[in-house]
Amino acid sequence: MMEPSKTLGEFIIEKQEEFKYSTGELSRIINSIRLAAKVVNYKVNKAGLVDIVGAAGEVNIQGEDQQKLDVYANEVFIQTLINREIACGIASEENDDFITVSGSDNSHNNKYVILMDPLDGSSNIDVNVPVGTIFSVYRRLTPIGSPVTLEDFLQPGINQVAAGYVIYGTSTMLVYTTGHGVNGFTLNPAIGTFYLSHPNMKFREDGNIYSINEGNYIHFPQGVKDYLKYCQKEEGDRPYTSRYIGSLVSDIHRNMIKGGIYIYPTSTKSPNGKLRLLYECNPMAFITEQAGGKASDGYTRILELEPTELHERVPFFCGSKNMVEKAEEFMLYANEE
Ligand code: P6P
């Protein structure tokens, strides 16, 4: 008989000793993400029933004020993290400034800062396209017992102690790393339990999928234009296939499984790119590297970039190692001309 898959809870207990800090802390971090993901999943999957649940900003038939789903998701993740007494600070795409969490005893004794994009790609909800939650976890730098400061959030990605994403798709998955590989858990909605469905996820070194919004082609840097022409040329295993969902978590999740590269470059419309370094690029880069892939801004490793602002944007090249390196070659060559 097939061995029943391990649950997320059993996996956390089994892997606890890999988390280099206190034993209970990783559990509390991932367990709070797990709970919030189930709550948000329920709401996201109901979103299509607008006339029953009501569209955002309207009052539904129960007379409840409808929140925008990304606002709702933000509140669920923030409150769940606060309740678990694990975070001393939280930063979110939905909040201009970071949130100081003093703890129930007002001691500021919690040790971790969590940065997140609570519902990335939320504009896709109305057209039933998968969306995601992205989270990134650091140990605070400033003394325990004092209020968290901006310095605790502006850490390079190499300092992350955990990172992951939830993808609300045809099935809901939680995929995360604590620096010892990447594992994916699929929710069984009938019983509300996540099961280990994708152990030790790996990016293929090569792939034939490129994910980029070619509608911005004329605004791209020359190196990106040259790389796209390379992808589309009849030679060897090319032309590659273009697949772009417009939902970062979905595009990277597919590329990790099938092999591929995701690019959001600078453009004249987005001179620093569109994606946020701290709570989109760094966590996805940590996961990508842990799965054997590569992530850069076209020149420099994402995880080594020194952040200067909470919501700063960077160009993002992420995916199969050989594909990212080929794209970086074109970026370098174009700069030398
Ligand atoms: P564009 C969603 O808004 C997002 O942040 C990512 O999830 C996605 O990959 C990208 O932006 C899509 O941006 O400009 O192609 O619509």
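Residue positions begin at 1 at the first shown residue.
Keep in mind that glycine also has a Cβ here, set from the backbone N, Cα and C atoms.
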Site-mate of Asp117, Asp120 for Mg(2+) 2 in TrEMBL, selected among Glu235, Glu280, Glu289: Glu280
Annotated companion of Asp120, Gly121, Ser122, Ser123, Asn213, Lys274 at the substrate site, TrEMBL, chosen from Tyr176, Tyr240, Tyr244, Tyr299: Tyr244
Given TrEMBL lists Asp117, Leu119 for Mg(2+) 1, the same-site residue among Glu93, Glu151: Glu93
Maximum Cα-Cα separation (Å), residues Asp120, Gly121, Ser122, Ser123, Asn213, Tyr244, Lys274 listed as binding substrate: 17
Asp117 (Mg(2+) 1 binding site) as reference: those binding-site residues from Ser123, Asn213, Tyr244, Lys274, Glu280 with C-alpha within 10 Å of it: Glu280
Asp120 (Mg(2+) 2 binding site): secondary structure state under DSSP, collapsed to three categories: strand
Helix, strand and coil counts within the domain 'Fructose-1-6-bisphosphatase class 1 C-terminal' (205-331) (DSSP): 56 helix, 23 strand, 48 coil
Integer Cα-Cα distance in angstrom, Asp120 (Mg(2+) 2 binding site) to Glu93 (Mg(2+) 1 binding site): 9
Neighbourhood of ligand 1 - binding-site residues from Glu93, Asp120, Gly121, Ser122, Asn213 with Cβ under 6 Å: Asp120, Gly121, Asn213
Mean of pLDDT values spanning the domain 'Fructose-1-6-bisphosphatase class 1 C-terminal' (205-331): 97
